[in-house]
């Protein structure tokens, strides 16, 4: 029996030290040196140095004068975040979407974009498809009494166009830029 | 289809397939102890491991000793992980002061990681300390994948050796698999992921003041190092609860591409490793062709199905397109559908979108992939040994049809091997149909179901399939963290893992001992289009047909009811 026990126990101990301690420590060391910003959570600070969030994590935005993030099944909780996990056939899904689309619809602008009425997988989706951001322009322009073209420019400046993925715009970046606009 | 989806598909298949021949040869050389470019660096560590563990690397084991060694190692790992999860409250690296887990959850999680399932009944950021994540789960991510690799090379040796009593040395295979096979790739992927935005820090969670003045706690941790092995080792247990849908776990389309390709990278390479063992790369190409046919079919069905508008939402004032419920904007429908198929083709189970909210047929494909035993590339090692079982079954069925003793690569398949093969065929039905039916029949157990109608049955079906197939993805609305499901799914995971490993090693031992009969004119060729078709049909019929009735009651019924809207 000892011929199995000793190698089993010593190898699990050794692998623990190697893959469970040395490996993550080494990666942390290199990451902190080479990619300090990302390794610490892509944090955003304001001018006073206060932490205002992470560029990767969605924030809730209430009020007509802000670009709104996608709805979150977990109400933007971060520990831990949640998804709706509603089946396509679940009547609750249709009910929720019917209610939300009624609230969000802007007369004369056509159907509400899918992203604005569906909750994301993470509950913390930081982005919006470009069309979903553009759909909000007229509402924000009216609430802030500014020109819609300026908002369109902001969206364009913040749009990411990766080769292998859809065009999206980061909502927090967009609203930070919006906050700096002259009223 | 958008052009970015086409580019993504091309990039994905290129990343999986192009390195495979080279990487496969590398794995062969490593597992057979040949020198590689990593040897100067890793050989001293390897030698030290053997000395420390009291292992004679030259001494080979017969199949029984090999199995006992594997079981002893897995058991030791299980005990250690269970203890860490129970005691995390008093262990270091616990900045959020997480208490120890409830015992059924700790047991479920320990079994889950030792069996390479990585089913998540817990949510990482809400219930696990950094110590539990990296020292507990992280280690099993490595060694459970290396265990699968060891079983595969034992089977390869069994098929390729003649009149041999031994299959190699488990301790050596495990050590080499971890050191050379997994660690170097993980270092590369982990650093790439940090660059893309995955955190790698020991800081406590940070409190931010949102733009509108709300409070937001940002969960952090040594995530990138763990996510790298989670993807490469076909483990799939996320650092964060929502896995690779979480923006900290999978921040960009590029991190997504590399995480997704990493799922199938090693399994694809191992198909070539097998070819080097049997000195016939035509065998590899035949198996790879079969895997690709099934993968492309699955991707096609899921992608098409996800892009269709949901009939239940017809008439609402919304864009009538494929649904984004449970999907992330940065990935869109294309990358979400592709990931769902890849993660269930392999035994990964990591997710970047919520499968529970997929269209009925889009959710059926992942389920089917798991039901046939995850042989479409499959888990590290586990996928190919599962596939080789189907190869042997196909050969046996062909033998019956032409009335000859079936043989594979010069090894005759006789009663003992066929009996063991049939045993492995019973594993999935036992876990899915028997345990699933038991669960569906008990009111307190199916109280966990969250969606009404046919989809409710799909939830039980998906989750018990995922456990038995050692996948670990889930229809997440199902409340799985109850003592009943924790214990029952733990049972399914053990059954699914060792119900394969034990017969596979027994078959390997029995094949190794056989003489090699010369491959003659009358031997059935196991390469070429004819065999690829036969193998594909065998998988679909033998593997899939068992589950047709229950699939009709779950996802198919849901699909038809949606069409009726």
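In case you wondered, yes, glycine gets a Cβ from its N, Cα and C as well.
No curator has checked TrEMBL annotations; they are predicted automatically.
For reference, TrEMBL has these:
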type     : residues  : note
TRANSMEM : B:6-28    : transmembrane segment
TRANSMEM : B:68-91   : transmembrane segment
TRANSMEM : B:137-156 : transmembrane segment
TRANSMEM : B:177-198 : transmembrane segment
TRANSMEM : B:253-274 : transmembrane segment
TRANSMEM : B:286-304 : transmembrane segment
TRANSMEM : B:375-400 : transmembrane segment
TRANSMEM : B:420-442 : transmembrane segment
TRANSMEM : B:487-509 : transmembrane segment
TRANSMEM : B:530-553 : transmembrane segment
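In terms of C-beta pairs under 8 Å, the stretch of B:68-91, B:286-304, B:530-553 lying closest in packing to the transmembrane segment (B:137-156) is B:68-91. Count of Cβ pairs under 8 Å against the transmembrane segment (B:420-442): among B:68-91, B:177-198, B:286-304, B:375-400, B:530-553, the largest is for B:530-553. If you look at the transmembrane segment (B:68-91), the same-chain residues 6 or more away from its ends with a CB under 8 A from one of its CBs are 61, 97-101, 103, 105-107, 109-111, 113-114, 128-129, 131-132, 135-137, 139-140, 143-144, 147, 150-151, 170-171, 174, 498, 501, 505.
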